[in-house]
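Okay, so here's the structure we're looking at.
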Number of protein chains: 2
Amino acid sequence: MAEAVRHDKTARQLRLLSDALDSGRLGPVRRLVNTLSPAEIGNLLESLPPGQRSVVWGLVDAEDDGEVLLHVGDEVREGLIADMDPDEIVAAVEDLDIDDLADLVEDLPGTVIDEVLKSMDRENRERLEQVLSYPEDSAGRLMNPDVVTVRTDTTVDLVLRYLRLRGELPDHTDHLYVVSRRHQYLGRIALQALLTHDANTQINALLDDEQPAIDVGESAEEVARRFSDHDWISAPVVDDNNILLGRITIDDVVDIIREQAEHQALGAAGLDEDEDLFSPVWRAMRRRLVWLSINLATAFLAASVVGQFEGTIDKLVALAVLMPIVAGMGGNAGTQVLALMVRGLALGQVGASNIRLLLWKEVRVALLNGVMLGAVLGSIVLAWFHNLGLSLVIAVALTLNLLFAALAGVLVPVLVKRFGYDPALGSGIFLTTVTDVMGFFTFLGLATLLLMQ
Amino acid sequence: MAEAVRHDKTARQLRLLSDALDSGRLGPVRRLVNTLSPAEIGNLLESLPPGQRSVVWGLVDAEDDGEVLLHVGDEVREGLIADMDPDEIVAAVEDLDIDDLADLVEDLPGTVIDEVLKSMDRENRERLEQVLSYPEDSAGRLMNPDVVTVRTDTTVDLVLRYLRLRGELPDHTDHLYVVSRRHQYLGRIALQALLTHDANTQINALLDDEQPAIDVGESAEEVARRFSDHDWISAPVVDDNNILLGRITIDDVVDIIREQAEHQALGAAGLDEDEDLFSPVWRAMRRRLVWLSINLATAFLAASVVGQFEGTIDKLVALAVLMPIVAGMGGNAGTQVLALMVRGLALGQVGASNIRLLLWKEVRVALLNGVMLGAVLGSIVLAWFHNLGLSLVIAVALTLNLLFAALAGVLVPVLVKRFGYDPALGSGIFLTTVTDVMGFFTFLGLATLLLMQ
């Protein structure tokens with residue numbers, strides 16, 4: 001319900017915009033678009049089909065172009081950049097922060113990159129090259145080298161005078177960093193502390209050295225986790241020698257957290273989080289085909305199990321009617337266990353020390369659910385087919401398949417992770433393969449053993 | 001891979017802790033636990049089975065108790081509170097910020113709430129009551145009434161003197177709020193601006209009235225979206241008359257974003273994000289039973305479709321072997337479309353203006369995939385069963401079911417939302433019901449029409 005508010009608002013903007021576009025009056029479109037923040041414009045562009053997207057993109061204020069490019073997925077970004085002249089691109093990106101520029105630069109045409117580098121002064125060019133030298137999704141790529149540093153051997157008054165002289169501070173500066181002569185990170189001073197302490201106070205006395213610095217090689221995911229565990233607004237980034245290299249701010253962390261959530265939601269269905277809602281049909285098809293082909297292979301595996309029991313089904317067709325129930329219920333029960341395990345693994349809550357206890361708990365839950373649902377399912381089958389043996393077989397098969405589902409739900413994500421893959425993305429397909437295969441096998445196998453004389 | 005780092009770290013802590021607990025040496029456990037932040041302690045407690053959880057909880061520094069309670073899910077929290085004396089609870093929560101206290105208060109036993117209220121001074125009690133009067137998941141519940149306000153008709157120097165007199169500022173204060181005599185919100189002053197401008201500067205000159213205030217009734221989700229769209233660190237909350245009521249800070253927004261992601265991931269499997277990894281078996285069973293029962297009902301629906309074609313299957317058992325492939329592939333293809341739509345709806349990118357275009361795109365993607373996968377599937381079936389008719393029927397049935405999957409993938413989430421439910425939670429089960437039913441119906445129906453003479 002909560003979502004409805006925003007949806008309605010954006011949908012209204014979309015409708016207004018779409019009406020204005022249809023009528024060809026671009027003046028109102030331009031005015032409408034430029035009341036929005038760059039993130040909102042990005043969102044809007046993603047919701048437009050390619051033709052309208054180009055038109056609206058052309059109407060965005062040039063000064064917002066760079067920020068808007070930062071706020072769209074890779075696939076949409078590619079299209080927007082293709083719509084721009086080299087000069088426009090250079091103008092759009094040259095005022096961006098170094099970390100944001102680093103984010104974009106690899107999507108730019110080679111000649112444009114040269115232009116951009118040429119337009120920068122030497123210091124900024126070196127900073128950009130430094131940031132680009134760190135791997136994607138590492139703290140080094142997230143950090144902004146633009147930090148305000150002070151020394152310990154000074155006073156509040158001197159720092160205030162320095163700040164007034166310096167003028168504007170980098171966005172989201174909540175602390176100044178204190179460094180040694182060799183630029184090693186020593187601690188931080190809250191802006192608040194500068195404001196609430198007497199002018200003669202020694203900076204030393206205000207130094208907060210409690211917050212650990214982030215190592216430049218730390219993963220973006222770990223950085224996000226530490227920010228949210230500790231309620232940080234910004235954090236210093238250092239190299240192996242504790243030399244201060246830059247700072248990471250919460251706004252970038254919020255973007256990471258959102259991207260991770262999208263990555264998981266779309267990744268579980270075999271899609272990329274950069275997928276454009278309006279991808280060209282051919283491209284969308286090819287991308288989905290990979291996933292569907294894997295699924296086709298696993299479906300054949302399950303079908304080949306059913307194939308082993310053709311003779312049994314031939315004698316009792318009711319088995320064909322009922323077998324999808326056993327397989328499907330296993331898949332659903334396993335997916336529940338999987339969802340809990342994936343979260344536990346992501347939060348580091350599941351490990352060697354408690355995996356056996358978790359397995360034991362899930363086995364008991366599966367057994368209880370299996371017995372209860374088996375009884376219900378057996379009764380319905382008895383009423384439907386008037387075959388006591390069949391109703392017993394399906395009750396037992398369901399219980400067994402829920403047990404397999406619990407085992408697979410706990411163990412598959414742990415194994416996927418052990419092999420170095422993201423359990424949120426790859427586990428579902430393995431799990432349902434297990435529950436399909438075992439569901440068909442136990443149901444048809446028991447029926448062959450017990451009902452065929 | 002990125003995740004592995006954190007996992008290893010927490011897993012190591014867990015192993016150390018678990019060894020120490022096993023050996024009964026509680027001294028090392030206490031030392032280990034109290035090096036962690038409250039959020040990390042909360043995470044650790046969630047990963048422990050109930051017995052060990054109680055022991056470790058007893059070792060947490062009393063001053064961290066309140067913060068730890070804020071960082072665990074409802075179900076775990078309930079258990080932890082049950083382990084505490086009323087006095088301990090009062091001591092743990094009385095120093096919390098008002099918004100955090102409001103978060104906890106409904107989980108406390110009635111007698112303890114009275115004690116807590118009694119321990120507060122009148123002003124704070126009234127503030128708490130005010131915050132509690134707003135609905136859960138609204139801006140009113142997220143805000144902290146503790147704000148620093150100034151008037152327009154003053155200078156930087158006077159404000160600095162006032163701040164020094166006042167001493168410490170509320171956490172994450174990055175702006176002071178400027179209000180009228182009647183406490184109406186007029187704008188904000190960045191702490192940065194106070195530091196970088198001359199002491200004689202008029203506050204008026206530094207006033208930033210660009211950032212719109214948040215309405216106290218706005219939903220938590222909308223608040224989170226605006227924070228991330230605009231890179232805010234904090235934002236003022238006002239009532240209908242523009243009276244300043246409090247402020248919301250980014251740390252709470254980060255928690256909301258994380259909770260939303262968990263809510264979606266677990267909700268899609270019919271679970272609650274507050275589910276405890278180590279829920280008592282009985283409770284876990286009951287909760288999952290609801291979801292599995294709904295699934296059982298839909299599975300029967302699909303089975304009853306198969307039941308209509310018993311005669312056909314009886315004549316050609318290969319149909320029973322192959323029918324799960326058609327149904328399952330539809331489910332997978334539909335889930336991909338659904339994942340894209342759910343994201344688009346959540347971001348407000350999908351609405352009346354583009355739904356037809358999206359449907360048309362997805363229909364074309366489905367048709368292309370259907371023809372290609374149908375050809376592959378048909379060829380394999382021909383090689384397996386040497387039955388040209390059967391291989392044609394399955395190729396056509398797969399293509400049709402992928403079309404149904406595309407329609408359901410686009411329309412189901414839109415309809416679920418139209419009826420006021422969260423499309424991320426309820427859509428999957430409807431979608432797979434459609435793809436199962438239509439998969440069985442088209443495959444067995446076509447076989448009956450074309451292969452049965």
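Glycine is no exception: its Cβ is also placed from the backbone N, Cα and C atoms.
Some features that TrEMBL has for this protein:
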type	residues	note
DOMAIN	A:143-206	domain 'CBS'
DOMAIN	A:207-266	domain 'CBS'
TRANSMEM	A:289-309	transmembrane segment
TRANSMEM	A:321-342	transmembrane segment
TRANSMEM	A:363-386	transmembrane segment
TRANSMEM	A:392-416	transmembrane segment
TRANSMEM	A:428-452	transmembrane segment
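Touching of the transmembrane segment (A:289-309) and the transmembrane segment (A:428-452) is concluded from the presence of at least three CB pairs under 8 A, sequence neighbours closer than 6 excluded. When the domain 'CBS' (A:143-206) is classified with DSSP, helix, strand and coil residues number 21 helix, 17 strand, 26 coil. According to DSSP, the secondary structure content of the domain 'CBS' (A:207-266) in residues is 28 helix, 16 strand, 16 coil. With a cut-off of 8 Å between Cβ atoms, the residues of this chain six or more beyond the transmembrane segment (A:363-386) that come close are 318, 322, 325, 329, 333, 392, 394-396, 398-403, 405-407. The domain 'CBS' (A:207-266) scores a mean pLDDT of 91 in the predicted structure. Among residues of the same chain six or more beyond the transmembrane segment (A:428-452), those with a C-beta under 8 A of the stretch's C-beta atoms are 268, 294-295, 298-299, 301-302, 305-306, 308-309, 312-313, 315-316, 319, 322-323, 326-331, 333-335, 338, 389-390, 392-394, 396-397, 400-401, 404-405, 408-409, 412, 416.
Away from its own ends, the transmembrane segment (A:321-342) comes close to residues 264, 302, 306, 350, 358, 362, 366, 369, 373, 377, 381, 390, 394, 397-398, 401-402, 404-406, 408-410, 412-414, 423-424, 427-428, 431-432, 434-436, 438-440, 442-444 of its chain (Cβ-Cβ under 8 Å, at least six residues beyond either end).
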